[in-house]
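**Student:** Got a structure here, written out as structure tokens. Questions coming.
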């Protein structure tokens, strides 16, 4: 039996997460493995009920679970709070830290039936199937920072630093993932300017001998941003530091036609966190307009990376593909000639395909 902490969160979270849970229940029946789901508060919902974005009991539940499934946190309701107390900061960052999650995995895979939904031309975007491995615990976001008045006027600074050990663990993970895919790794840095990037590049060079079957290329981050829209199918696995990864993964998210299609995993410790890449979308919350597929695909990543159930994960991905191929679309993907469905109906369609497939 696997224990899964379920954190719906805010906005559309309580609508999309149950659909992923139901898909996992269908997997459970299909393969005969039991999942135990335990729900808890996080984010703005936790602030409203408990006065804190990450209650101790939620954190303890996550620690005692085998994996965590998260919906989304945040929204305008809590934007008046001090930045350090807002759901996005006060829930996600400490949760990642406490669980020891140092790597974020963001796949960008374009289903054939969604090629026309991409903002890029068909001939450019066809064949896109990449994953960005982003370092989560170092870099600018966690370095020393300050804003102050000086004799010369107001100034501010942020500090970027990395240890070789931090780089080694994320790079080895990326090599391992590349070895399981198409054996091509692109390491993204800014080694022509940044000292941290030069250490990053040197570390990649030192480690690549451990993975002789993987082809490695180094690419400056500005060039990578250009190549992602010029020829995205050239990429297999991209590994990069925190800030660059944050930007590039959001850029890659538009390739698939909707951010509502993009899952993610944060891994590194004993317990991994799985969540869709999109936010809480409070403007459509409670209206059955949200796309649950990113959350369902995040559940598939859970099966693959936490439970080593690769075949079950592939079955979910294939079920999603068949639903899309039949023309069913949530509002974010809808175009004339397709069949408009709501959140729960889309989840039901995936479950039906999974059970019949």
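Glycine is treated like the rest: Cβ placed from N, Cα and C.
Quick paste of what Swiss-Prot says about this protein:
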- 75-88, 279-291: NAD(+) binding site (BINDING)
- 96, 106, 134, 222: substrate binding site (BINDING)
- 222, 246, 250: Mg(2+) binding site (BINDING)
- 141: site 'Important for catalysis' (SITE)
- 190: site 'Important for catalysis' (SITE)
**Student:** If you measure from the C-alpha of residue 190 (site 'Important for catalysis'), which of the binding-site residues 79, 83, 106, 222, 250 fall inside 10 Å?
**Tutor:** 222
**Student:** Note down the number of other Cβ atoms within 10 Å of the Cβ of residue 79 (NAD(+) binding site), including every protein chain shown.
**Tutor:** 12
**Student:** Using the recorded Mg(2+) site (222, 246, 250) as reference, state which further residues of the same chain have their Cβ within 8 Å of the centre of those residues' Cβ atoms, listed in sequence order.
**Tutor:** 221, 225, 243, 244, 245, 247, 248, 249, 251
**Student:** Among the binding-site residues listed here (75, 83, 87), identify the one with the smallest other-Cβ count within 10 Å.
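**Tutor:** Minimum Cβ neighbour count within 10 Å, taken over the binding-site residues 75, 83, 87, occurs at 83.
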**Student:** For a quick check of understanding: among the binding-site residues 222, 246, which residue's Cβ has the most other Cβ atoms within 10 Å?
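**Tutor:** Per the Cβ count within 10 Å, the most buried is 246.
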**Student:** Between all pairs in 96, 106, 134, 222 (listed as substrate binders), what's the biggest Cα distance, rounded to the nearest Å?
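**Tutor:** Site span for substrate, by Cα atoms: 28 Å.
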**Student:** Hey, how far is residue 285 (NAD(+) binding site) from residue 250 (Mg(2+) binding site), Cα to Cα, in Å?
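**Tutor:** Their Cα atoms are separated by 22 Å.
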**Student:** Within 10 Å of its Cβ, which one of these binding-site residues (96, 106, 134, 289) has the largest number of other Cβ atoms?
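**Tutor:** That would be 134, with the most Cβ atoms nearby.
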**Student:** How would DSSP class residue 141 (site 'Important for catalysis') in three states?
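**Tutor:** DSSP assigns residue 141 (site 'Important for catalysis') to coil.
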**Student:** Whole-number Å distance between the CA of residue 106 (substrate binding site) and the CA of residue 250 (Mg(2+) binding site)?
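**Tutor:** Counting only the Cα atoms, the answer is 9 Å.
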